[in-house]
Structure formats: structure tokens, C-alpha cells
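Marked as transmembrane segment by TrEMBL: A:20-40, A:47-65, A:71-99, A:111-133, A:170-188, A:220-239, A:245-264, A:271-289, A:295-314.
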Amino acid sequence: MLNDFVNQFWPATIDGLAFGSIYALIALGYTMVYGVLRLINFAHSEVFMIGTFGAMFVPFVLGINSALTGLALVGVIIAMILAGMLASAGTAIALERIAYRPLRKRGASRLAALISAIGASIFLQELFALLVIPEVFNRPQQGRIQMGLPRLMERTELFSIFGHSVRVDQVLVIVAAIGMMIALDALVNRTKIGRGIRATAQNPEAAVLMGVDINRIVRMTFFIGGGMAGVAGALYLISYENTNYYIGFLFGIKAFTAAVLGGIGNLRGALVGGVVLGLVENYGAIFFGSDWKHVISFTILVLVLMFRPTGILGESLQQARA
Amino acid sequence: MALTLGLAACGDGGTEAKPADGGSSAAASDTVKIGFMGDLTGPNAGIVIPPRNGAKLVIDEYNKTNPAVKVELVEYDSQGDPSKAVALAQQAIKTDKVASMIGPAFSGESAQVGPVLEEAEIPSITASATNTKLAENGWKFWHRILPNDSVQGPGIADFIAGAAAAKNVFVIDDKSEYGKPLADAVRAQLATKGAKVTDDSLDPAESDFSSVVNKVAAAKPDAIFFGGYYAAAGNLLKQLRDKGVKDAKFFSGDGSLDRGLIDGAGAPNAEGALVGCPCYIATPDVTDAKVKGFADAYKAAFSADPSIYAAEGYDAATVFIEAIKAGNTTPDKINTFIGTVDLAGVSKQVKFGPNGEVEAKDIYMYQVKDGAITLLGKAAEAKLG
């Protein structure tokens, strides 16, 4: 047992970090919307799903079916990330406009918004299974079948840690995720929009009195959270090379868990929660077998919340210093 | 693999809505409905559409002869979901009044639908559900036209330990009603052969199997067996090869016998993968006249070579058509006919035992070569090239 752990520690760590980074990027969307609106956007899982298809659209349109190298590869990856962001951010804004704002304007309860989110989530899944995948991606009758991405990037070993190779795609995911986190942190803490977001999170009424356009801030929040899910979608697609219409389901649950684990409403908490969850899943599987993976992650969640009810970092967006 | 074919031909029903219950209204029938239930648009539809096509081929051929009693194939798309399958079975029995059923295709849904069809006394033949326990319910109207997992698992395990000479085998299952018992049968048989067996399970709803892959990499096996469906098998195989597990031979069962395995893993990764199946797939170079005739007709009708379970679907439908030709149009009479049938099918000699299991017990091995699935031969005789 211990021997297994020693043998598998490094590969499990690398995989855990890479997958945890994807959880973290998705968790940001949950945490930001919660911070500003006190609302769990359960349709965020579909925002991620649409991000994977947005990214898929680029190689699909270009008709790429073999591995690329050099500048062409970099260009396609950047285009995929941008397309994923665009698709996801657009979806998130549309969700806010159609599924949440009308409810918010009429002062509906949070429960109503939750049901609206679940409805939107099912609607988007079926829209993709029945219409978008068969029509746009030209896969008639195959809307519910996994769609593969041709290998774009060869799985070359970049370097190795104690004899365990680290591949270029894993490094790409981790580096890109950390880059996005730093950019987002700077955006929220150093820009005018960021100040508006923090102000709205702390006290919406006071923020209005101070001249903050709340609707604009809410829109920006959904836009940024969606964009991060889009990056996650593109990175996931590039490294795992497949997606389907219900892929958001499990990712949504895990990312939401990561957000709560790290401290919901806290941006850095989402990063910590995502990475911790990714690592714990992989380490736990070594000891108890992969079928216990989900059990282990949720047991850890319960344990953390028992001792730290506000999550690992606890501090939420509205309490963040200016 | 768990595909059940249920043929429900509802005896009466005449042309349209004649309120006949159960189908005892005898001579009036000029159309008999046969149901086909399975995952026709869901994630594993690739292994259900071929048997549907096979069945359709028989029925279209039969209807072309302008018989006194026509047959209509009614499709029930369960998407492999047991709860949907039960609702559809009720619909088939009560609204459509099918006389028999081909399917359900998978074992999970078969376990749920079996009692419903049994109670309504609708005979069914599955062309793909291979879970062993299905035959242990004492169902009188249920039949299976291919050997079950207790035959398939040991057959594949013997091949792994024998022809492939593997001593250290890593066995993975997907925890499903199909994958787990199949993998367990492989594990048990391998243990009797003295091979070292390591195991793990995965959740097919996930897409990252890295924890399983890391275990495999650490165990350094010379063969890997996966009990599960092709969607997960393709992703697993890709992640194994990407992780540098390159020399271990990859084996799977009938649930993975689909092009989707190659598409999911990528052709270079899938090359050499071995898949066992209690099914017989006619490959283009087949010489047997009967099988060739079937393969040519299938290709002409669906512009594709027959793939997994196509022959079994064809044979299941043939049994029902033979029953109807012999003047049996009610579920009850069809069921009696099935008990006595002994005909040369495309896939095997079709003869059912009292528990509904077909008597022929051959397992076939297939291998991915140059990006295509090719037949190696019967598992007991096949050699690795």
C-alpha cells in the first residue's frame, strides 16, 4: 500500500495538479457569481460544456486532422482558447439576461433562480444533443455520442521528475490555468471594474449610491466567470481530446465542490479548492482504488466543512480588502 | 455485453387500433408488430444500430415477398437507460401491442424490462445482453441468442493466459451491470491459470482515468483487460498509451467491439488491441455462402459492412419471421415456436435451451489491424500473429 503510494506519488501529483487546475478555473465562475449575487449558478456546468464545443469548433472549421508543430500549433491553441472563452462567456451572459435578470428584477426568491438554473442547464444539454452537435458539427444521429478531437499536439515529454515523465500538454494546462488566475486576481483587485465587483459584493445598495451600475457589474461577473470556464473547456479538450453534451455534469459538481472547499465567494479559495480536490482524488485512489475516488473527495469536503465551515481560505469576496 | 433483443409481436391488432388484449384474437391479423428496444441514439448506440439493421433486413426481405401477414418493426429508443426502457416496454405492450420484442440491447435495461415482458407474456430475444444472471430468473418468455458472460469471460481469460501468454494481468471494470461481472469472470479464470491479477475500477461517466492509468503504469502488466463499453475503453486506451504503457496488450469484451474504440483511442493507440465477443462478425473475406449473402445484402441496404451483433439481430428476427411464417402470430404461439426452433442462422445454429439461452457457446477474438477490426478466429483456436 505505502509502496504503491511511493511509486505512484509523482504521476498522481502531476495529474492531480493538471485536473485540479481545470476544476479551479470552473470553480471561479461559481464563486464569483455567488460572491456578487448570493446565487449558485447551477447552469455553469453547461457554460463549461459549451466552452469545450467552442474550442472544438476551431479545428473542426479548419479541417485539421493531424498533429501540428511550431507556430501553427501555438496559433491554433490560442484560437481554441479564445473561441472557448467567447462561447462560454456569451452563454453565461445570455443565461444572466434570460434566466436570472427577469427573476431578479421581479424580486423572485433565490429558490426560483435555482430552478431557473436547473431548467436552463437541461435546456442547454438537450439543445446540444439534439441540434448543435448534429447540425453544426455535422454528426447526424450522433448528438449523444462522444465527439473526439484529432490529436493536435504530440504528447512529448518535456522533463521528468524522479523518472516520471511530465508531458507538454500537462504543463500547458497548469501554466495556462495559473496565468489566468493571476490575470483575474489583478483584474479584481486592481481595476475599476474589479472595484465595482467588490463593492457590489460587499453591499449592493451602497454600491448603487456610489454610482456603480449594478446590472453592468453583474453582467461583467457572468462574462468573466464564463470566460474562465471557456479557458477550462479549451484546456480540457486539448489534453483529453473528447467532449460530449453531458460532460458539464460531473465537472460542474466537482468544481462547485472545489469552490465550497476553498471558501465560496473567494477567488483564491477556488484555486486552492480545485487543486486540493484534484490531488486528493488522485492520492485517495492509490489507497482505496479508483472506484472510491468520489467517496474520498466528498468525505474530505465534509471533514473540512466540519472544522472550517467557511472553507479552507474562508474569506469571501465581499470581505476582501480593496 | 448486455444487449437484449426483445421481439414483441402482438398477435392481433389488425390494421390499426383494434382493442385486442394480449393478442388472442387469432385469424384477423394481417400485420404483426415486432419491437426492437435498445440504445439507438445514446452514447453507446454504435453497438445497437447494427443489430437493429440486421433485424430490419430480415423483416424488409420478408415483407417484400408480399405475405398474407405483414410484419412491422417498431423501434424503442431506450438510450440504454433502464427507467426509459421500462416506460417504453409498457408502451410497446399496452399501446402498440407488439407480438414479440428484439432486445433490450443492454443487460442493465434487460434486468428491468424482463419482468415487464414476462408478466405481459411477450416473447423476447436479446441479441446482445450478456449478463449471466438474466437467465436465472426463470423467465419463460426471455431468450438470448448468444453465449453469456460466464462463457465470454473465461473464454477471453484463457486466450490472455494461453495464446497471449500473459503472466501479469491488470483487470479494470466500469462497475456496470455488464462490465463488473465480465471482469470478475476474467479475474477468476486468470487466477486458476496462475496469472498475477491486479484490479481497479473506473467511472465511465468521467473522462480522466489518470488514477487507474497510474496504477497500471506502476504494476507493469503484460496484458490489460477492460470490462466495459467502447466509449470509456477508447479514452482509457488512449490515456494508457499516452502515459507510456505501450507494451501491455489491451483486451476487452464485446462492449468495446466497435469502431468507437479506435476513434476514441486514436488509430495508432488502438493498433493491436484485442477484443473478445460471443458474437460473430462477418468480415469482407468470408467464404461461407450463407454468411456472404447476408453480408452483401447488409452492405447493399446500409452501405456499411455488418458490424457487432448485426448477425445476431438478423438471426433473432429470422426466428420470429419463421414463427410467423409457420402461422404463429400471437405472443403465446410465437413463444412455443421459439422453444422448438432449430435453424441454421448466420451467426450460429440457433437452438434455445429451456432457460432461454442459445446452445452454441463459441467466443470469437477480434484484433485491431491497420485501423480496422478484423476477426482472428474462435478464442479457443486463435493465434496471435
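Placed from the backbone N, Cα and C atoms, the Cβ positions cover glycine too.
Long-range contacts of the transmembrane segment (A:271-289) within the same chain: residues 1, 4-5, 8-9, 12-13, 15-28, 181, 254-255, 257-263, 295-297, 300, 311-313, each at least 6 residues beyond the stretch ends and with a Cβ under 8 Å from a Cβ of the stretch. Among residues of the same chain six or more beyond the transmembrane segment (A:170-188), those with a C-beta under 8 A of the stretch's C-beta atoms are 14-15, 17-18, 21-22, 24-25, 28, 77, 81, 153, 158, 194, 197-198, 224, 228, 231-232, 235, 238-239, 267-268, 271, 317, 320. Nonlocal intrachain contacts for the transmembrane segment (A:47-65), taken as residues 6+ away from its ends with a CB within less than 8 angstroms of a stretch CB, comprise 26, 29, 76, 79-81, 83-88, 91-92, 95, 124-125, 128, 132-133, 136-137, 147, 149-150, 152, 225-226, 229-234, 236-238, 243, 245-248, 251-252, 255.
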